[in-house]
């Protein structure tokens with residue numbers, strides 16, 4: 001598959017040929033279900049778009065029945081930036097409904113399969129974007145990351161996935177799940193392409209009140225820069241043998257490149273999980289209250305307004321979304337607000353402070369992305385099992401840090417990805433370390 005860097009140098013005529021070839025390949029591999037629609041919009045290098053990012057004139061549904069028929073009346077800021085830089089939206093990728101999930105199984109369009117092994121999950125919630133890039137039916141894609149939704153599917157499918165610092169990329173036009181956690185980012189074939197796409201979409205935006213009003217310099221990855229990289233033995237001991245082997249391999253590769261490896265420790269990640277899910281579900285319960293059948297999307301037949309609200313939301317939302325709305329409403333209720341929500345925010349501040357202290361000693365942290373390689377469909381028996389599998393990714397979102405997942409090893413034909421975590425607004429160092437590691441593993 002042609003890389004993003006190569007595609008950007010092609011004339012218009014060749015780009016149309018590339019689009020036609022991508023469409024043909026996608027139709028031939030339709031059983032993967034990476035795309036929910038092969039829409040096109042404008043001229044330029046084709047970039048696949050997750051189904052929760054607004055593209056003017058496209059049906060954008062967040063993979064939910066409740067938004068079926070909704071046509072986006074505007075472009076998200078990231079889409080405007082793509083168009084301004086010679087790229088064009090191409091294809092809506094599948095996802096977990098409203099980005100709530102880790103397997104891309106909760107979509108109203110059916111599950112997406114992992115191109116590396118179709119009996120296994122592609123990860124989620126940006127599983128369609130990861131699968132499309134891995135299957136060679138997308139040059140690059142945009143995803144969103146609330147608690148690992150770019151990095152985990154990237155690791156499961158063997159591609160590069162980058163979550164920028166919170167506030168670095170505009171959220172204007174991204175359907176909100178957890179407003180203090182969500183961030184749009186690139187999913188690509190290699191680190192260089194991720195840096196190119198990141199440079200295009202990053203920057204302050206007056207239309208997004210959570211956008212950081214600080215200078216955003218383009219990153220130019222420097223693989224020769226020597227860095228202090230923190231490793232976390234107490235984190236890795238609970239991961240599978242395949243993850244531990246890949247972790248050791250990455251450490252050796254980084255040492256060979258001249259980086260200084262420093263052992264660090266982080267607080268027990270069980271606090272990350274509790275703080276994250278209370279925060280994310282509370283924010284989801286308020287953000288999703290707007291989907292009521294009145295203004296847009298699905299509307300159930302009903303005799304009165306109250307019945308319409310009840311039936312629309314009961315029929316329109318899937319089981320996982322309803323579960324999270326209920327839990328979020330519970331932790332925000334008057335009797336439990338202090339006991340759960342306020343306590344979660346205090347824990348979040350402690351988690352952020354801990355990362356800040358660690359970054360006084362190191363430039364980057366090397367961490368697993370998931371406890372194991374991509375698992376088989378049906379392997380996770382309960383929602384709690386699924387939530388616990390996010391243990392390595394959610395702390396990054398709670399602290400608002402940048403991180404990049406890249407393939408490091410293989411286990412029985414399945415990709416093993418690890419992540420490099422950086423200081424807030426220091427994407428340059430994240431890309432420096434990632435390109436150095438990628439080069440060392442070639």
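The first residue you see is number 1, and the count goes up from there.
Glycine is treated like the rest: Cβ placed from N, Cα and C.
Features as listed in Swiss-Prot:
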ACT_SITE  50  active site, charge relay system
ACT_SITE  125  active site, charge relay system
ACT_SITE  149  active site, acyl-ester intermediate
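Shown here: features listed in Swiss-Prot, placed on the structure.
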{"residue": "50", "record": "active site, charge relay system", "Cβ within 10 Å": "28"}
{"residue": "125", "record": "active site, charge relay system", "Cβ within 10 Å": "35"}
{"residue": "149", "record": "active site, acyl-ester intermediate", "Cβ within 10 Å": "37"}
Rounded to the nearest Å - Cα separation of residue 50 (active site, charge relay system) and the residue listed as 'active site, acyl-ester intermediate': 11
Residue 125 (active site, charge relay system) and the residue listed as 'active site, acyl-ester intermediate', distance between Cα atoms, whole Å: 5
Three-class DSSP secondary structure - residue 125 (active site, charge relay system): coil
